[in-house]
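Asks: Attaching a single structure in structure tokens format; questions to follow.
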Amino acid sequence: MGGVLTQYVGWKGIFIFTFILSFLSIILGISYRLDEVRNEEKLDLLGGFLFSLFVFLILFGTSQILKFTGIVSVGIGLVTLLGFYFVERRVSNPILDMNLLMNNKTFTFANATALINYASTFGVSFLLSLYLQNIKGVSPRDAGLFLVFQPLTQAFFSAWAGRLSDRRRPEILASIGMFIISSSLFLLSRIDTESSIFLIPLYGIFLGFGFALFSAPNTNIIMSSIDKRYYGFASSFLATMRIMGQSLSMVMIGIVFSLESSFMNSYRILMLTYGILCILGVFLSIKRHEVHKLS
């Protein structure tokens with residue numbers, strides 16, 4: 001969709017389309033009414049402010065990590081995180097249940113794995129789009145068509161992977177998914193200026209299958225590891241891990257591009273880095289499997 005909009009409308013069309021979808025989501029959200037009694041407990045405003053400040057400082061700091069301001073920002077962010085921890089341990093209605101994070105290792109490891117997954121994959125489409133357009137001379141529309149194989153494959157297999165995780169061990173499925181993603185990233189890192197552009201959709205299919213095999217079972221693990229009353233918290237925390245991971249993925253791109261002027265060198269460094277991150281995710285997923293068996 002992004003490639004088609006850029007080709008025929010211009011890059012501003014992407015933001016207009018996103019605005020329309022976001023506006024419709026707001027309308028639907030406002031019109032939706034819950035029949036159940038709402039919780040009258042006070043919101044943890046201080047905790048929410050500290051956590052938002054922590055996320056901002058860390059993301060800004062890592063994006064400027066080569067500068068003194070970036071280092072200072074990360075340092076202040078870590079201090080803010082410490083303050084957030086002490087606040088959440090003392091309030092009666094915390095936005096982040098520390099006991100759940102500290103005592104439920106399955107929940108913690110599954111969310112950490114999700115963070116690593118999004119950090120190591122979100123920037124891939126951006127890099128491949130630049131490769132197709134700048135190196136291979138492909139139009140934005142055709143670049144989008146080459147890249148659509150990955151999300152289509154993920155969409156096709158996600159429901160199947162979710163059903164399979166209900167019958168099989170989801171920890172094993174998620175670990176296999178992370179391994180497939182890692183292997184796909186290492187294959188993508190070997191692409192050069194002479195490579196066939198048809199390798200992009202081929203590797204995209206492998207990548208999409210890995211995403212499907214990881215995402216649905218990992219979400220199943222998270223939701224199955226907690227009581228029903230924590231579903232809202234778990235869903236929002238997983239969404240936070242997704243956004244943080246995606247942001248960190250783009251931060252890595254900014255850092256590498258600022259250090260290396262050659263696009264292909266930057267591309268290769270980033271794909272290898274993403275692949276190594278996914279290997280870390282595989283080990284973390286295996287560790288989660290061991291923790292789940294012990295529990």
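Glycine is treated like the rest: Cβ placed from N, Cα and C.
Those TrEMBL annotations? Automatic predictions, nothing curated.
Per TrEMBL, the feature domain 'Major facilitator superfamily (MFS) profile' maps to 1-293. Residues annotated as transmembrane segment in TrEMBL: 12-31, 43-62, 68-87, 108-131, 143-160, 172-191, 197-216, 237-257, 269-286.
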Asks: Among 43-62, 68-87, 108-131, 172-191, 269-286, which stretch has the most Cβ pairs under 8 Å to the transmembrane segment (237-257)?
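Replies: Checked against 43-62, 68-87, 108-131, 172-191, 269-286; highest Cβ contact count belongs to 108-131.
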Asks: Do at least three CB pairs under 8 A connect the transmembrane segment (269-286) and the transmembrane segment (172-191), leaving out pairs fewer than 6 apart in sequence?
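Replies: Touching, yes - the transmembrane segment (172-191) and the transmembrane segment (269-286) meet the threshold of 3 or more Cβ pairs under 8 Å.
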Asks: For the transmembrane segment (68-87), could you work out the same-chain residues 6 or more beyond its ends whose Cβ comes under 8 Å from its Cβ atoms?
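Replies: Residues 44, 46-47, 50-51, 53-54, 56-58, 60-62, 94, 96, 98.
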Asks: Taking a Cβ cut-off under 8 Å, which residues six or more beyond the ends of the transmembrane segment (143-160) line up next to it in the same chain?
Replies: 1-4, 6, 125, 128-129, 132-133, 197, 200-201, 204-205, 207-209, 211-213, 215-216
Asks: Taking residues 6+ outside the transmembrane segment (108-131), which of them lie with a CB under 8 Å of any CB in it?
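Replies: Tertiary neighbours of the transmembrane segment (108-131) are 3, 101-102, 143-144, 146-147, 150, 174, 178, 181, 185, 188, 191, 200, 204, 207, 211, 214-215, 218, 221-222, 225, 237-238, 241-242, 244-246, 248-250, 252-253, 263, 267, 270-271, 273-275, 277-278, 280-281, 284-285, 287-288, 291.
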